[in-house]
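Asks: What follows is a structure written as structure tokens; I'll ask about it next.
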Amino acid sequence: MTNIRKIHPLLKIVNHSLIDLPAPSNISSWWNFGSLLGLCLMIQIFTGLFLAMHYTSDTTTAFSSVTHICRDVNYGWLIRYIHANGASMFFICLYMHVGRGIYYGSYTYQETWNIGILLLFAVMATAFMGYVLPWGQMSFWGATVITNLLSAIPYIGATLVEWIWGGFSVDKATLTRFFAFHFILPFIIAALVMVHLLFLHETGSNNPSGIPSDSDKIPFHPYYTIKDALGFFILTLFLLLLVLFSPDLLGDPDNYTPANPLNTPPHIKPEWYFLFAYAILRSIPNKLGGVLALVMSILILAFIPFLHISKQRSMMFRPISQALFWTLVADLFTLTWIGGQPVEHPFITIGQVASILYFSIILILMPLASLIENKILKW
């Protein structure tokens, strides 16, 4: 008799996605981050759901409701800190996942890659709106500064900003709509994840060598289910260590002060995972130029498949490209550091150099390195 998982209409989908899926035999731990992102999304949805049961999206009570969750709700502090630090884990996994895609040439699966970029934008938007909800000083001023950037758009900018605010400043209407969007977006993200996986399963997974692995496949279960389970354990361990020992390590102390429109914090900065983009934004003196650079810092990922001129897919056997890739990683760390520093000498100059280097590596140096490596292949 045929196994039920192979004939049942619903179980058949699960079977083809998680059990009998043919997977390359040589994929490394860098391929764990997809499933870890799925775990992060589930953690965020469940903790967020329980937080939403006690949160009020009103400017007068939002801050107090978060305090109430931490003090009075049973294990509320735990749920709140898992949610806050879960976002950090989410972004660590996201950046690792994207980095893996760039290093091993996974961007040649263009549909999967483009849905991935869309997912990245959606997660960033969700995280930004979530940061506004506690209604602390950094929540309020972060919302004011970032939404204000849209005023740089010619002709419609000012109207657009007021339309998003729902008034003439960040106020109750803004908070309410941000809460509504923050609640609905993770479910849209979950739907996009399904599309992401649908496109991925059309082609099958890439592997570290970048060579087609059709002749060497193994079933997903038990090999990669146990491997993913180990990843889940390690991620959960790190998340719980962060939550239980130093839950405020990655947060901003200013956000423990209730929002006050009359008092600007000395250094307005976003959460650590946006600092690299914030540094690129600040390194351009022109407002519209800064906004374009900010958007392009992420959107540049969409150009990578078209800039791929190497005869090899993966960087595994391309030492010049490898050196450039790790320079890019170091550059992103530099930008993250600069984004958290005040706007003064020498940080301004370092930020500008790092921003130019970021775009130069992706748009100019990597294609050049590929050309050189192609020439070396002929020798």
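Each Cβ is built from the backbone N, Cα and C atoms, and glycine gets one as well.
In case it's useful when we look at the structure, here is the feature table from Swiss-Prot:
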BINDING   His83, His182  heme b b562 binding site
BINDING   His97, His196  heme b b566 binding site
BINDING   His201  ubiquinone binding site
TRANSMEM  33-53  transmembrane segment
TRANSMEM  77-98  transmembrane segment
TRANSMEM  113-133  transmembrane segment
TRANSMEM  178-198  transmembrane segment
TRANSMEM  226-246  transmembrane segment
TRANSMEM  288-308  transmembrane segment
TRANSMEM  320-340  transmembrane segment
TRANSMEM  347-367  transmembrane segment
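Relative to the rest of the structure, where do these features sit?
Replies: According to its DSSP assignment, His182 (heme b b562 binding site) is helical. For His182 (heme b b562 binding site), applying a Cβ distance below 8 Å and a minimum sequence separation of six or more within one chain yields Gly48, Thr126, Met129, Gly130, Leu133.
Here the Cβ of His97 (heme b b566 binding site) has 20 other Cβ atoms within 10 Å, regardless of which shown protein chain they belong to. Following the DSSP three-state reduction, the secondary structure of His97 (heme b b566 binding site) is helix.
Under DSSP, His201 (ubiquinone binding site) is assigned to a helix (H, G or I) in the three-state scheme. For His201 (ubiquinone binding site), other Cβ atoms within 10 Å of its Cβ number 14.
Same-chain neighbours of the transmembrane segment (77-98): 30, 33-34, 36-37, 40-41, 43-44, 47-48, 50-51, 66, 69-71, 116, 120, 123, 127, 130, 235, 238-239, 242-243, 247, 250-251, 271-273, 301, counting only residues six or more beyond its ends whose CB sits under 8 Å from a CB of the stretch.
Sequence-distant contacts of the transmembrane segment (113-133), counting only residues of its own chain at least 6 positions beyond either end whose CB sits under 8 Å from a CB of the stretch, comprise 48, 55, 57, 62, 66, 87, 90-91, 94, 98, 101, 106-107, 139-140, 142-143, 146, 174-175, 178-179, 181-182, 185-186, 188-189, 192-193, 195-196, 199, 270-271, 273-274, 298-299, 301-302, 304-305.
Non-local neighbours of the transmembrane segment (288-308) in the same chain are 98, 102, 105, 107-108, 110, 113-114, 117, 120-121, 124, 149-150, 152-154, 276-278, 280-282, 355, 358-359, 362-363, 366-367, 370; each lies 6+ residues outside the stretch with a CB under 8 Å from one of its CB atoms.
Within the chain carrying the transmembrane segment (320-340), a Cβ under 8 angstroms from the stretch's Cβ atoms is held by residues 99, 102-103, 269-270, 272, 274-280, 282-283, 310, 347, 350-351, 354-355, 357-358, 361-362, 365-366, 369-370, 372-373, all 6 or more beyond its ends.
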Asks: Go through the chain and flag residues at least 6 beyond the ends of the transmembrane segment (347-367) whose CB is under 8 A from any CB in it; none is fine as an answer.
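Replies: Residues 279-280, 282-284, 293, 296-297, 300, 303-304, 307, 309, 321, 324-325, 327-328, 331-332, 334-335, 338-339, 341.
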Asks: Express the distance between the Cα positions of His97 (heme b b566 binding site) and His201 (ubiquinone binding site) as a whole number of Å.
Replies: 17
Asks: Return only the integer: C-alpha distance in Å from His196 (heme b b566 binding site) to His83 (heme b b562 binding site).
Replies: 24
Asks: State the non-local partners of the transmembrane segment (178-198) in its own chain: residues 6+ outside its ends, Cβ under 8 Å from one of its Cβ atoms.
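Replies: Residues 17, 37-38, 41, 44-45, 48, 52, 55, 57, 112, 115-116, 118-119, 122-123, 125-126, 129-130, 132-133, 143.
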